[in-house]
């Protein structure tokens, strides 16, 4: 009788450890998928001057890609940097 209790307790302990370990691995895989993937797209420069004006560039970026944490940079042209929902598996 005592051996049966020890065996049952051992099996139960191993099962609980297995469930906890597989749950941790599942959480790590989900966290890995949640990493942000950034995209960059060029936009047209200022029509009159042909130069990139950062205020206009930021405004156009926010209008085109709303709610995606957009950022704009001006070098030779206006570039928008935003989170890519289609790469992250979001609609």
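From the backbone N, Cα and C atoms, a Cβ is placed for every residue, glycine too.
The signal peptide annotation in Swiss-Prot covers 1-26, and the record cites sequence analysis as its basis.
Annotated N-linked glycosylation site per Swiss-Prot: 35 (among others), in sequence order, evidence recorded as sequence analysis.
Among the features that Swiss-Prot reports, disulfide bond is placed at 39-84 (among others), with the record citing similarity to another entry. Cβ environment of residue 84 (disulfide bond): 37, 38, 39 lie under 8 Å away, each six or more residues apart in the same chain. Secondary structure at residue 84 (disulfide bond), taken from DSSP and collapsed to helix, strand or coil, is coil.
The disulfide bond annotation in Swiss-Prot covers 52-74 (among others).
The annotation disulfide bond is assigned in Swiss-Prot to 57-78 (among others). Cβ neighbour count for residue 78 (disulfide bond): 23 (other Cβ atoms within 10 Å of its Cβ, all protein chains included).
The disulfide bond annotation in Swiss-Prot covers 61-80 (among others), and the record cites similarity to another entry as its basis. With a cut-off of 8 Å between CB atoms and residues at least 6 apart in sequence, the same chain places 43, 70, 71, 72, 78, 80, 82 near residue 61 (disulfide bond), listed in sequence order.
The feature N-linked glycosylation site is assigned by Swiss-Prot to 68 (among others).
Counting neighbouring Cβ atoms within 10 Å of each of the disulfide-bonded residues (39, 52, 74, 80), the lowest count belongs to 39. The two recorded residues, residue 74 (disulfide bond) and residue 57 (disulfide bond), have Cα atoms 8 Å apart. When secondary structure is read from DSSP and collapsed to three states, residue 57 (disulfide bond) falls in the helix class. All protein chains included, residue 57 (disulfide bond) registers 22 other Cβ atoms within 10 Å of its own Cβ.
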